[in-house]
Each structure stands twice: as structure tokens, then as C-alpha cells.
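Taken straight from Swiss-Prot:
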- Gly143, Gly145, Lys146, Thr147: ATP binding site (BINDING)
- 1-71: region 'Domain I, interacts with DnaA modulators' (REGION)
- 71-99: region 'Domain II' (REGION)
- 100-318: region 'Domain III, AAA+ region' (REGION)
- 319-441: region 'Domain IV, binds dsDNA' (REGION)
Amino acid sequence: MDIRWEEILEEISKQIPPKYFSNFIAPLRFDKWENQVVHLMAPSGGIKRHVETKYIGFIEDAVYQVVGDRFKVSILTESETSSHVLKEVIQSKFDDSDSDLNPEYIFSNYITSDSNRIAFTAAKSVVEQPGKYNPLYLFGPVGVGKTHLLHSIGNEIKKKDPWKTVRYVNSTSFLNEFIFTVRQNNRESLESFKIRYQSYNVLLFDDIQFLNGGAEKTQEEFFALFNFLYDRKRQIVIASDRPSYELPLHDRLKSRFVHGLQADIKSHDLELRKSLLKSNFSEFNIPASDNLLHWLAERLEGDSRALIGIVNDLVMYKKAYEYFLLTEDKIKEIAEARFLTNKKRIGFSPDMVIDLVCERTNVARKDLLGKSRKADFIPPRHLCMLLLHDVLNVPKAQIGRIFSTTHSTVIHGIDKFKERMKSEAQWEDLFHTIKHKISFQ
């Protein structure tokens, strides 16, 4: 079958604003098709992630329009191919191909309010004086813009000084890369890994709370890398979903994070949610009055991911039906179907449930989310998992990320607590008391 990529690009261009088509779709390169999958290559991890998040459906629809058959779309970067990983690469000062920066995440489109202004100011200060606030540690719940700030720092530093080498990486990628290197059982491969990371002027490290998911050597390697960069006044920026003292990492590593600047990003307040909605609606030409934006902002949870989800739903509706059918009543209907089926629970986030369990069981948050097997901590931990899953409908995989553990451990914890409730009435009573408070908040 002939995959006519140029025609597919033309079809996609009809559906996406020119600015975004130029930045994210045009750079994609057709690689091959096999087994009903179209394989594309992206020039960077940032572009790959953005396309997978926002535009994969547009590409699959365009393939169907041109080819007349349904294909899945797979996107890889060159760095994800094994042949690239096995090379001994020490990047040139002029080569930022492995920076993994998303070019769309910049300071100018980061919307601020009281909930994130300190973190935003700290991020800009790092750009103005790299190495002065070292490390910069950003923390806050999921979906509040930590990753956006990391990329903004990197993009602005590269803009000011193209000679600087910048690397954005999350803990999962770092873990996988390190484990892959170690398994080569080759001293040269390990040295190449170390030299490459030591060569960066700026390291942007996301989701550090998951660094404990690998072998002991992974934390040791990161500790050595941190010290190497820190001693040479190279800028390090770290992001996490919790304060540094709550990280499930070695104390000697956590102690290094308090030397610099720590900035808390809180859940989005009402005005920030309105501003984000307005910006996203404008991007996709979705009509909305100020009253409608206020109505939506009041009902959405305090992070950007739920917000992006509803925008995606509206974009698909607008594409499938006529533009004029997307009335304010229809927007409300779509929003309620996706997010607002249980209005009594609006605003109750996983963080609030965790805090409530800590309060009712007199267990510190760091102990509830930690790895300790003390008898005082295990039942409250399992109670929290059950509440998150059964009452807030949080997926088990996400609960695993919250507790820095595996999907199977979450299942085991939930099952254990259900068994406990059958024989220990006080835990059953506490479960129903907290469930009632959440359900009728």
C-alpha cells in the first residue's frame, strides 16, 4: 500500500492552526508502515510527546481520509532506536538534539496567578543567574505546570546562549537509560553515559519521586552526577509532586536539595483555571462567554490535565459536527458528561483524601506515602488506596505513582484492607465515615 505522506500532511493542515502545524506536524518524517501501523519519526522527544498528547487523533483521521483504511500511528525519536543508544556519543556544544525540550513550553505562554507566581519568579531567576539558586526544587500536585516551567527554563537558556547544553529528562527515562547501559556489561558504555550527563550545563530533572523505582545503583549514580554538576556550578532544576523531605530517597540525596531554592506550586485557583480555559478555547476557536468560562472553572478540578481533556472533547465535537452546533448549552452538556457526573465530589482531589486520612489516623503524610512496614502505617496506607480507587475512581496505576509503588502492590493493599474491614469494625467505620465526607462535600 502506498502511504502518501504529503497528502496526509495537507489533510492535517486543514484541521490544525498553521502555527501548530508548522511547529509540530511538519517536522515529522514518514518512516514506514507495517501491520496496520504508520511509523513516524520526530526530531525531538518534546515534539513527539506533544503530538502524542494533542494531535495523534488528527493524524489517524487524515490517514483514513487519504488511504481509505484505518491505521494506528506510532511515533519514535532517533534516540529511541537501539542503534542510537548503543553508540558512544558525546554531544557537541552546538548539538541540542538530545535536549528533549518542548519548544511550545515557554515563559510567555505560562499563565500565572497567586498559586504559581513564586515558582514562576524563581524559574526566571534561574535563567538570569544560572547556578546561583542551585538546585531549584519545584514541587506541587500533578498537572499544575511544573513540567512547563522546566522546559521554559531550558528553552530560555538556549535562546540566551545557544552554546549551553541543556537536558530535560524525567526519572523514568533516566532509570531506563541507566539500566539499559548497565546491562550492556560494557565499561565503555557506562563511561559514555556518565560523560554525556556530566557534559550538560543545565540539567532539568522531572518526577524525581520515581527515582526509587530502580536498583540501588541508580540513586548512587544520580547522587554522583548531582555532586559533579553542583560542584561546577552547573544549574540543576528538579521537579516533584511532594516536598523534598517526603521523597522516598536516601537521606544524603534529599539533604542536597535543601541547599538551593524550593518553590511550591499549589493547585490552580479559580482565576487561573479561567485564564487557562480562555487561552485554550481561543487556540482552537471555541466560542465562550466569560460566564461560561466561570461556570466551567468552578467545576473543574484544580489542575490543567482535566482542563485539557475537556478542550480535547470540544475540539473533537467541533470537528465531527458543524461549528454552529457548539453552543454554550452543548459545551455544558459535554462538560457534565465527562467531568461532572458526580457534582458532590467536585474539588475533592487525591491530595485532600491523603490529608484527611492522615488527620483521622494520626499518621504523618511522609509515613503514609513512605515505604515503612511499621504496623501503625500499613492499614492507613491501604485505607487511603481504597478510598482513592473506590470513591474518587483514581486508576490503580495512578495510585501506584502517588505511593511510589507498583500496580500489583496497590491491588494487594486494597484487597488486604477489604479483608481487614470484615474482622475489624473500627476500620470499616472509618472507611465509611471518610467516604461519606467525600461524597457529600
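Using the three backbone atoms N, Cα and C, a Cβ is placed for every residue, glycine included.
Scoring each of the binding-site residues (Gly143, Gly145) by how many neighbouring Cβ atoms lie within 10 Å, the top position goes to Gly145.
In the predicted model, residues of the region 'Domain III, AAA+ region' (100-318) average a pLDDT of 87. Secondary structure at Gly145 (ATP binding site), taken from DSSP and collapsed to helix, strand or coil, is coil. Per-class residue totals from DSSP over the region 'Domain IV, binds dsDNA' (319-441), listed helix then strand then coil: 87 helix, 0 strand, 36 coil.
Counting only residues at least six positions away in the same chain, the Cβ atoms of Tyr105, Asp206, Ala239 sit under 8 Å from the Cβ of Thr147 (ATP binding site). Its own atom aside, the Cβ of Lys146 (ATP binding site) has 24 Cβ atoms within 10 angstroms in the protein chains shown.
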